Amino acid sequence: YRKNSTTFTLRLLPLGGYVRMAGEADDGEDELKPGTPVTLQLNDQGVVTSINTSNKHSLFQGIPLTVTDTNLDTDLYVKGYENGDETQVKSYPVDHDATIIEKDGTALQIAPRDVQFQSASLPNRMVTNVAGVFNNLLLAILVYTILGFVQGGVQSNTNKVDVMPTNSVARSAGMKSGDRIIEVNGHKTTDWEDLTVQIRSKANKKITVKVDRNGQDKVLSMKPKAQSSGGQTTGFIGITQTMDKSFKAKILSGFTTTWSVAKQLFGALWSMVSGHFSLNDLGGPVAIFATTSQAAKMGLSGVLNFLAFLSLNLAIINLIPIPGLDGGKLVLNILEAIRRKPVSQTTETVITLIGFAFLMLLMILVTWNDIERYFLH
């Protein structure tokens, strides 16, 4: 499907998306080396609108030509011997939006210099480089918003809690649903994250919890139960976040949940770069497949939650200033703005290749680690 000089295609393996920008490749000129037999399609003005290099495709009333020279970048022409007559070289002007039919039958529109990505202004190139990140972020916000309506409400990040009806240390100590936990062992707690940090670190240790119940403060004593997860032992008193079922909360949930998850992801990245890196902190296609299977078992909410998390994760990872990622391209754009001239094509190519090699090596290591983790152990 083609619209506004852009071709949209579906691939055999629909894993993610890829955009091939005009001018980032040879855009068909490799198919037109001297000696290449082609067929030309002309319009009424005698201008080439299609160049066929494929045996799988034929052009109606096409002109057979053996190529001797081409320029599809600036001057837009193709020269060659017509009908095998090597006594005369004929030259044909090429339309700005002409297509080349490659040997495999794929129709590819040529990319003259004025429409190439490198010819765009610096601000436009920066917008293009951040577009993928923005769309991943937008998808995460949209899915988290839908999730808020599917779940019938949004978990509140306040210090107001609900008490579990069974197996609850908090209930046994006198806590009630609707209480606000304002202090744990003297540490003020203003939201869910504050109070969970204090409680989880106190497994099997007696703590005092001050709650606000209808404007009155009450002090409760309890001992959090130990709960093991992922090799770590944390404290648990049997409370959950309250559910805000208002329409406003559901609409805003896309933004609030995205921000909350993004903070956790940035924290995890910082932990990795500050000396706590482990391959187990990363996951490749194998881990995504395994996690998707687990999410599917949790129903629609599980799938939506994982989709939003994955999309947000991709947005943040793509912002990392590694050559080959959008963040690396943005760094080159910023460097160009500071120097007031672009980085040389050779330098940019070398930097991109180094970044690509690093990413491929990391992907191989992560994939092998995933295989060991999910299938060999």
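Backbone N, Cα and C define each Cβ position, glycine as well.
Annotation comment: TrEMBL describes 126-150 (among others) as transmembrane segment. Panel annotation: around the transmembrane segment (126-150), residues 19, 21, 117, 120, 249-251, 253-255, 257-258, 261, 300-301, 304-305, 307-309, 311-312, 314-315, 318-319, 326, 329-330, 333 of the same chain, lying at least six beyond its termini, place a Cβ under 8 Å from a Cβ of the stretch.
According to DSSP, the secondary structure content of the domain 'PDZ' (162-215) in residues is 13 helix, 17 strand, 24 coil. The domain 'PDZ' feature in TrEMBL is assigned to 162-215.
Residues or ranges marked as transmembrane segment by TrEMBL: 303-322 (among others). Below 8 angstroms of C-beta separation, residues 132-134, 136-137, 139-140, 143-144, 146-147, 150, 257-258, 261-262, 265-266, 269, 288, 291-292, 295-296, 328, 330-331, 355, 358-359 of the same chain, each at least six residues beyond the ends of the transmembrane segment (303-322), sit close to that stretch.
Taken from TrEMBL, the feature transmembrane segment applies to 349-368 (among others).
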